[in-house]
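The block underneath contains the structure these notes are about, expressed in structure tokens.
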Amino acid sequence: MFSWTYVNGSVPGMMLSRLSEWFWNERLWFPEGLGWADLEDRDGLTYAKASDLWVSLPIALAFLIIRQIFERTVAIQLAAALGVKEKVRPQAAHNPTLESYFRITSKNPKQGEIESLGKKTGYSESQIHRWFRRRRNEERPNKLKKFKEASWRFTFYLLAFIAGLAALIDKPWLYKMKEMWAGFPMLTLLPSQYWYYMIELGFYMSLLFSVASDVKRKDFKEQIVHHVATILLISFSWCVNYIRAGTLIMLVHDASDYLLESAKMFNYAGWRKACNYIFIVFAVIFIITRLVIFPFWILHCTWVYPVTVYPPFFGYYFFNGLLFVLQCLHIFWAVLILRMAIKFLPGNNIVEDERSDREETDTEDDEEEQEDRKNGPVQNGHSPLNNNHHRKTE
């Protein structure tokens with residue numbers, strides 16, 4: 001009969017120990033005949049180890065701190081130099097009834113609800129529409145916040161691409177991708193590969209940590225999936241020494257990201273021609289790197305070629321499964337890019353980010369306020385009669 005004895009402290013400890021043994025089972029992560037012993041340092045040669053990944057946590061924390069300093073100093077000065085001007089948004093008038101409904105019930109009331117709110121506040125339907133429109137705009141990130149976020153990502157992606165290119169420019173697997181598997185898994189770790197991996201992993205972890213405070217876009221869920229898949233991909237490829245493939249994948253992704261962020265920066269600054277030209281270059285490079293090089297060169301070399309060297313195993317399927325998730329995201333974003341490109345072709349003045357939550361305008365306000373002025377001067381966007389009635393209801 002089983003007895004609840006304490007081994008290594010507790011029964012949960014035993015369960016965790018067994019789970020750890022199962023998770024790190026060599027048959028999961030390596031082809032038959034290979035294992036963790038093949039990655040032990042020897043003869044002055046260094047190999048990647050799972051324990052190295054802990055370094056990414058303080059790096060991620062450092063990125064969060066550096067980002068705050070960057071956005072408060074460099075980004076602000078850059079915004080001023082490029083002439084980023086923040087539009088003054090009309091504020092919604094103070095109204096506890098509407099504010100309570102906005103926070104608790106809905107930010108977009110239906111027609112029947114608008115009529116009910118009108119009876120409670122004494123506001124006309126047009127005034128309620130205007131109040132909710134302005135209130136929604138108050139919660140949208142302003143242009144300066146978007147610029148600071150874009151400038152931070154632009155800076156990192158540009159430096160990461162330059163550093164990655166410098167680290168790989170003299171490596172044979174950059175030009176002949178089958179070389180990424182030569183000698184696998186006994187691939188020695190280079191200092192440039194170590195720092196390239198740890199910095200990239202730390203950066204994507206910092207993005208995941210700051211996602212709650214970053215600008216929310218339509219592809220918010222896809223961004224979360226992308227960050228998680230990227231972190232898992234980098235971590236797994238490091239543990240099983242798929243480092244050569246990992247460095248190529250990171251380089252391909254960094255090749256176009258900085259162009260998109262720079263296009264956003266010029267967009268927020270109102271530099272329309274610069275934004276459009278950079279966007280065209282970005283779209284071309286994105287299509288080439290994400291829809292051509294990634295699936296037909298890199299993914300082919302990780303999916304097709306390895307099985308000619310050793311039989312498939314769990315790690316092989318797991319690694320390529322993550323790559324297929326990234327490829328699906330590439331296709332999703334390519335559709336958004338093409339939609340923006342189509343809008344640009346007829347001669348639009350500016351290319352907008354399809355993922356952005358566009359600010360609602362007050363173009364109807366002028367007509368509404370002119371109508372209100374027929375009954376007297378407007379106060380806070382409402383006629384004196386309605387304001388007085390509102391104060392009575394408060």
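From the backbone N, Cα and C atoms, a Cβ is placed for every residue, glycine too.
As the structure is a computational prediction, the values presented were derived from the model and not from experiment.
Annotated features in TrEMBL:
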- 53-70: transmembrane segment (TRANSMEM)
- 98-142: domain 'Homeobox' (DOMAIN)
- 100-143: DNA-binding region (DNA_BIND)
- 145-346: domain 'TLC' (DOMAIN)
- 154-174: transmembrane segment (TRANSMEM)
- 194-212: transmembrane segment (TRANSMEM)
- 274-297: transmembrane segment (TRANSMEM)
- 317-338: transmembrane segment (TRANSMEM)
- 354-394: region 'Disordered' (REGION)
- 359-370: compositional bias 'Acidic residues' (COMPBIAS)
- 377-387: compositional bias 'Polar residues' (COMPBIAS)
Long-range environment of the transmembrane segment (317-338) - Cβ separation under 8 angstroms, sequence gap at least 6: 219, 222, 225-226, 229-230, 232-233, 236-237, 240, 242, 249, 282-283, 286-287, 290-291, 294-295, 298-299, 302-303, 354-355
Average model confidence [pLDDT] within the domain 'TLC' (145-346): 88
Structural state census, the DNA-binding region (100-143) (DSSP three-state): 33 helix, 0 strand, 11 coil
